[in-house]
Amino acid sequence: MKKAGEKTALKRSKEEEEEQNQIFNFNRKPADEDKDDDLSDSEDSVYSGLEDSGSDAEGEEGSEEEEEDDDDDKMKERTEEEVSEEKKEDEYEHDSSDEEDIRNTVGNIPVEWYKDFPHIGYNLDGKKIYKPIRNKDELDDFLDKMENPEYWRTVHDKQTGSDIVLSDDQVELVNRLQRGQFGDVNFNEYEPMVEFFSSDVMIHPITNRPADKRSFIPSLTEKEKVSKLVHAIKMGWLKPRRVEDDGRGRYYDLWASEDSSILARHRMHLPAPKIPLPGHHESYNPPPEYLFTDEERALWEQQDPGDRKLPFVPRKYSSLRQVPAFSHFIHERFERCLDLYLCPRQRKMRVNVNPEDLIPQLPKPKDLQPFPTTQSLVYRGHSGLVRSISVSPSGQWLASGSDDGSVRFWEVCSSRCMKMVQVGGAVKSVAWNPNPSVCLLAVALDSVVLILSPSLADKQVILSSERLLSAQQEGEEPAEGNGSVVWSEAEGEELNQGVRLKIQHPKAVHQVVWHAKGDYLASVMPDNTSHLQVYIHQLSRRRSQNPFSRNKGLVQCVSFHPIRPYFFVATQRSIRIYNLVKQEMTKKLQANSKWISSMAVHPGGDHVICGSYDCKLSWFDLDLSTKPYKMLRHHKKAVRGVAYHRLYPLFASASDDGSVIVCHGTVYNDLLQNPLIVPVKVLRGHVMTHDLGVLDVTFHPTQPWVFSSGADATIRLFT
Amino acid sequence: MGGLQKKKFERGSATNYITRNRARKKLQLSLPDFRRLCILKGIYPHEPKHKKKVNKGSTAPRTFYLLKDIRFLLHEPIVGKFREYKIFVRKLKKAYGKTEWSAVERLRENKPTYKLDHIIKERYPTFIDALRDIDDALCMCFLFSTFARTGKCHVQTIQLCKRLTVEWMNYVITSRSLRKVFLSIKGIYYQAEVMGQLITWVVPYQFSHDHPVDVDYRVMATFTELYTTLLGFVNFRLYNSLNLVYPPKLDSNAESEPKEESEDDYAMNSESYLEKLSALSASLARVVSSAEEEEAQLDHFPTEGEDMEKMEAREKELKQQEAQKKLFEGLKFYLNREVPRESLAFIIRCFGGQVSWDKSVCIGSTYEMTDETITHHIIDRPSVDKQYINRYYIQPQWVYDCVNAKVLLPVEDYFLGVTLPPHLSPFVEEKEGDYVPPEKLKIMALQRGEKTGNEQEEEEEEEEEEEEEEEQEEEEEDDNGDEEDDEEEVAEEKNLKKMEEQRSQGKSLQVKVTPGKLKVENKARLEQEEKAEEKRLAIMMMKKKEKYLYDKIMFGKKRKVREANKLAAKRKAHDDAEKAKKKKARK
């Protein structure tokens, strides 16, 4: 603070002081110098012999001075001193440390060092500066503070131990400095700048110093550097600095000349499919029906992200300002990027088919009439499921065998039950003798085949059938080669009911079938383990024979050829056709199904249909191939029965799904023309019971009517 | 026999494909470089038909490329550039390691760069090809232009994207080619028709992104590199086609500021200039100064001469389009500060409207809010203190809906604080049998010009009618209450009388003969049934393959119908609920 005061307000005095200082220096320094000289002298004298070369410049100077001393001219000495004084003067000009204490000459030392002394230093004259007699204590200070109006501008000078009262100017100065202003009031900080070194070329040089020589001669070092660089550039080690051009932002008309030369490669190129456009779902304010209900939302949350129909939840915001950022935006773009360069592309031919075109053009069912269309009669009376039905060759009577152990005879037209025969066991199969001149019915139950004479015909017919039955009786007693089948006459109660003959089989019989002539009768005993599965009985001679000596699989059903001596045997997977005369197999039909259930032979004898438990119906053209000509998968469940109409080109199939499907199947005499198969009607009526629907189906021999028997203990007639 | 033994997998499809790793080795590239090359060149993997054959008997999952594609890559000059860059990085690392800063500097100056011009030309041999594929480029550039400079990508890239997108938008404005806009929850979709190509892009809402961690930004950056180049060239060509100056310059004539401004343009900081451009408030300068008149003509009837010969339908469509182009002409909009300025300014200018905003929102506002000639004030807050009388205060959705409907919709539904009608997607084109939301039907009716303005009244009328009906019903109900009582009494009396009569006649009426009713056979119905059955039977006779296809098609159809029904049912339930609510509120 003191220094500042001196510097500015008391500039004048300061200068004076400095002058004094200088004077003081004048006075003091020579002595020091002398002393130094003496010292060096002495040192030199001590070590002169040892190290003269190691002595420094000062020493030399000193020695020179010595020599000069030796020469000794007072004037000279004077000048020497002057020179040195000048030097010193220069030093002090820059030395600021001295300005600190001008009153106290002890130097820049802690004041505490003078703690134990009565004085605190020396003034300029070398006199002691004494401490104030009495030290101020706190109380004094306080009193001073209270009483002295000048207290606020009093500053304690530690160096001199005295209090200094600052003048108004000094206070003003302090304030200015504290405000960050320039100390001198008159100093103008914002004087216009004088440009000494401007861009204007002056006429006169700034300095009059002559130019260096090196500014005229080319530099060798530079030349060396340049040549190195040139060499490096020549050798390609160093590349010239590239011209900075922003190649990214520079565009031009790239497609100015469109040529198709590059197009060749692009023949194979598949452009990436575009992102599907957003629908109403995605709107920030969608119609209310597009928003998720709670269940839909729960479902959405449960679903795997890949399975979700929408990748986001539709939201509704009442105004645009409430719409937040979509958190998956970057994700979606990134995924699109991945799709673009990682997904294999493939041209997918989308079939744009009108489904109506796929439906085959078939003749209209209307044109294929007649065929049964409506259910007209229901024959009720059985209490168990009706396994089998058969129509008499005259078409007047219908026989049915049921699980309730009865065989019923119905009048077709009136649906009245004309007769009932209790046979004492679940009837598996009934078959009416196809010969119109006799009236006989074969019934299979358990291991017995019964021959019934229902006596539901003219007397003539009944008589002829009785004759047929009794003819062999008279002729010869049964002389069976194989004792497993026993023929026996019915007696007593059974006889009254109409049972005429009993053919006892070794195993349970599942099916009986008549030959077209009505003399032969085949029975089936499905058994996988033995070859005794099929018997052919001759009624007139009461003879039975087993035509097969080997087991070829589980026999499902058998059938006679309507005209020629062929015999059809359906095993589980295939149908074998045997020539009964030649005693050999002529054909084996592969029905591409798992398990054949039923079979029917076309009245012409060249076509066979077979139904299977795997819902299929196969039509075989015997002249065509051993593979089915057509597989019909019309039914939803197992096919139980199939039948051909004797006169009309119709066939029907009955299935567990409770329906009977009637198809039109025209067979042409022309061998080149394939049969025409058209489904014409689906007949429903039977009620499903125990998962079983329709069990048997058969056509009326003359009318386009179809009978069906079902698990609901009814028989229905569709006309 | 003789002859050489044929080795497996040396012929056939196995030789046409190459696995990714083998391709990479063949090209001597690292995987990231290979990836980048594939992105730039547009090479994508192929799925061979017989994967096992191609994979030499193994069933391991592998990515296959066509060998031809990889051979094609072999001659790509950029592969060399990639290698150069690799070497540069190696050198730079070395220099860093040795702390040779001058070397580092020198290397940096000579950093190898590559251009993608030839790739663009190769991938898109014609300009139309490029336009066709520009959707993704636009989406990407718009996304990148919204990125903050947080180091997810280079700042230059962001700036470039911003510049290109602004250029694109300016082009769309000048050519008036915007067709559809859609406010989705993801962002704003725009569809423009440029040179006959429909171009759709999506712009995210103006929020900062929270960058997901599982996204590889290098892949995105590579795509952006390609896309910026593509978009730049496309922009250049498009600007040229309209005789606009490229890089775009603001039209100095149109500017309200005096000439000095425009002179400053050149020296002006490009960023602030870009900002001005991106304000989308001023039109662009043209190359030919005299082109203004022609351009004006062109603007109005750009393809008049050719289309005269074309079909009338097309003409009509064009006319409609022309009308749509001038949808907002003559209207003066003012955007309040809370609405998305860029989007709205873009759309309004695209359809010829004038638009301005608060000066503090963005540079480039042309008039003040106090301007008396403003017709529409777009605002998105529940209420406003000071309202000027001679302008509509509407919510922003009105603008978007108008663009999609191609007519100026009645503003009443969009007033301040009104519950907005649903915003529908313009991209959905309902086919026969699809569900059409009732709002769409209404708009379609408006478009046909059927009931412009009557709609609202009708609705009101309906409501009134309903009210009346309800009142009537209520009255009736009151009346019915009494009547029903009476009726019941009457009926009881009748029954009693009958009983008495029966008794008097001697209880002999248990069996009665009722007159038979004539069964009226509906011929049409019968015929229909017959046909249906015929069809069913025919379907039964289908071949297995065809049946499968048929079933599939029918299943799809049925599902569609089911979905449509579901939507309709939902809508109905909602409407009923709304009505009930209204009724309750009224009561």
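Cβ coordinates are placed from backbone N, Cα and C, and glycine is handled just like the others.
TrEMBL labels come from automatic prediction, so no person has curated them.
Annotation source TrEMBL lists compositional bias 'Acidic residues' at A:33-44 (among others).
Residues annotated as compositional bias 'Acidic residues' in TrEMBL: A:53-72 (among others).
As annotated by TrEMBL, domain 'BOP1 N-terminal' applies to A:114-372. Across the domain 'BOP1 N-terminal' (A:114-372), mean pLDDT in this model comes to 84.
Sequence annotations record features per position, and here TrEMBL assigns region 'Disordered' to A:1-103.
The feature repeat 'WD' is assigned by TrEMBL to A:379-420 (among others). Here the repeat 'WD' (A:379-420) has Cβ contacts under 8 Å with residues 426-436, 439, 441, 443-445, 452, 454, 456-457, 498, 689-690, 692, 695-696, 698-703, 707-717 of the same chain, all six or more residues outside its ends.
Residues or ranges marked as repeat 'WD' by TrEMBL: A:687-719 (among others). Counting residues 6+ beyond its ends, the repeat 'WD' (A:687-719) has Cβ neighbours under 8 Å at 370-380, 382-395, 398, 400, 402, 404, 410, 412, 415, 637, 640-648, 650, 652-660, 662 in the same chain.
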For this session: Please spell out the DSSP helix, strand and coil residue counts for the repeat 'WD' (A:379-420).
Result: 0 helix, 24 strand, 18 coil
Seminar exercise, completed: For the repeat 'WD' (A:687-719), the DSSP helix/strand/coil residue counts are 0 helix, 18 strand, 15 coil
